[in-house]
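Colleague: Handing you this structure, nothing more for now.
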Amino acid sequence: MAGNSTGDAHVPGSQLSVTDIIVISVYFALNVAVGIWSACRANKNTVSGYFLAGRDMAWWPIGASLFASSEGSGLFVGLAGSGAAGGLAVAGFEWNATYVLLALAWVFVPIYISSEIVTLPEYIQKRFGGQRIRTYLSVLSLMLSVFTKISIDLYAGALFVHICLGWNFYLSTILTLAITALYTIAGGLATVIYTDALQTIIMVVGAVILAVKAFNQIGGYEQLEAAYAQAIPSRTIPNTTCHLPRADAMHMFRDPSTGDLPWTGMTFGLTIMATWYWCTDQVIVQRSLSARNLNHAKAGSILASYLKMLPMGLMIMPGMISRVLFPDDVGCVVPSECLRACGAEIGCSNIAYPKLVMELMPIGLRGLMIAVMMAALLSSLTSIFNSSSTLFTMDIWRQLRPSAGERELLLVGRLVIVVLIGVSVAWIPVLQGSNSGQLFIYMQSVTSSLAPPVTAIFILGIFWRRANEQGAFWGLMAGLVVGALRLVLEFLYPEPPCGQIDTRPAPLRSLHYLHFAIALFLLTCAVMAAGSLLSPPPQQRQIENLTWWTLAPNWSLGTKTGDGQTPQKRAFWARVCNVNAIFLMCVNIFFYAYFA
């Protein structure tokens, strides 16, 4: 395998300094300290305490955890790599989250809290009845967690450590998994959220330092556009334009038919996929469900949205600068050159961020950036482990063992994390053999093929009282068949390298995966609507407090029994959140317009 045979070609010759080792040691010590502190203060001896932090979490750790959970090492490496390869447009994946995060807190969370659920499949069972949809969603979420989220973060983190330090791939990955699992098992969601808050601070500080040094290398932001346009490798493929940076690299909105990230797909298709991730995926929603009241959930979403503005300047633009500074490595197009630079023939854009770290960061700060990547990896993995444990315990094990007590459920929840560790370690050889240039595309393709049907049943379930179990199930099945067919075709007919004729079937060649997400969403909605109208309507208990139109009115101010706030104080903070949300959207629109 290319990744194995050339792995030593790009291992750094320099050794870690004592200062670097001290910085990394301090980082791990802080993690252990925060983990022990939060584990000791957390109520982890009940199901609600372990899986939902006792529903007593404040807004600031929720917001930090929402951000940290979504910014794993896969996004650090992937966003910088996509920026190096194609420019700014990939920032849309981050900025689109603003509107969906607000929808989570203002629309979805009131429904979820009023329904008194622990997992999202549990809500679907209450809303539609029956067990088959809940089981399907739980299994689907577990599969997506293991084979997309964990795999991408592990690969990207291991790639970074290998390039920067030359550490053994297996040893560093297993050590990271062990540390992550230790404090996740010990303290539950509260520990995960508080350590995520620490990771967020470390990630932002380290990324800011590297971004400032990168911009200084090229003379500031004003020089980026001209410098990026000239970032051409010395060796190119004759009679092709593969080596040329995109002409629309500095623009967010790209042509619907010829753009690599068409504006239609980034506006509508991405919103469908983002709604699944931010509003219906257990990993994310679990943080908002832990809020002490709805106002804290709203404030957490607002904080996370502001933080999601940062990756443009902290990851994507530094990735573009990396191509400017190292065009022969980051921008390589000749397979033999790419093999030399990073061990992958298809391209080396994914080494953009670690390359910057190794070339620009001095002794000490290099250790800080290694800690940053470890922070990104740990925060993402802890989130996935805790949420996957919750899904299996509450949606699968409790159905197999209805008489299971709280002690048994807590034990099973901890054992599931151990099993996930084993599966993750077993997946490492597959990751090493995978093409590093395709990981980010692989993740998005899988999401576009499997997520839209889930988004559809949640949207219709919340906003359409007539939707029932028959319609939801057959809508899901129709979406699964069509989405799985697309996935199979993508694996059978991979996208050809630049410079080769595209002979893939027309549905793959002509239909962008973001546009496919739109079509799949509409298909699922149509089948679900038809199935619901052709079968009996849902019972009253399946819509009471379970749809937007049947929600109890006291949830409009974020009331929660026992939160210790007067109605006047709740109303005041609700208005503060509303004003902040409007201001946030104005800031987001300004940035979109500026980089349009």
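Cβ atoms are placed via backbone N, Cα and C, with glycine included.
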Colleague: Are Cys338 and Met443 on the same side of the membrane in Swiss-Prot?
Modeller: yes
Colleague: Could you check if the transmembrane segment (201-221) is in contact with the transmembrane segment (301-321), meaning 3+ Cβ pairs under 8 Å among residue pairs at least 6 apart in sequence?
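Modeller: As far as Cβ distances go (cut-off 8 Å, pairs 6 or more apart), the transmembrane segment (201-221) and the transmembrane segment (301-321) touch.
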Colleague: Other than its close neighbours in sequence, what residues sit by the transmembrane segment (514-534), given a CB gap under 8 Å and a spacing of at least six beyond its ends?
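Modeller: Residues 261-262, 264-266, 268-270, 272-273, 447-449, 451-453, 455-457, 459-460, 464, 466-468, 470-476, 478-479, 482-483, 486.
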Colleague: Indicate whether Ser145 (phosphoserine) is helix, strand or coil by DSSP.
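Modeller: Once the DSSP labels are grouped into three classes, Ser145 (phosphoserine) ends up as helix.
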Colleague: Between Asn96 (N-linked glycosylation site) and Thr148 (phosphothreonine), how many Å separate their Cα atoms?
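Modeller: Computed Cα spacing between Asn96 (N-linked glycosylation site) and Thr148 (phosphothreonine) is 21 Å.
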Colleague: Is it true that the transmembrane segment (150-170) and the transmembrane segment (410-430) have 3 or more Cβ pairs under 8 Å, skipping pairs fewer than 6 apart in sequence?
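Modeller: Since 3 or more Cβ pairs under 8 Å link them, the transmembrane segment (150-170) and the transmembrane segment (410-430) do come into contact.
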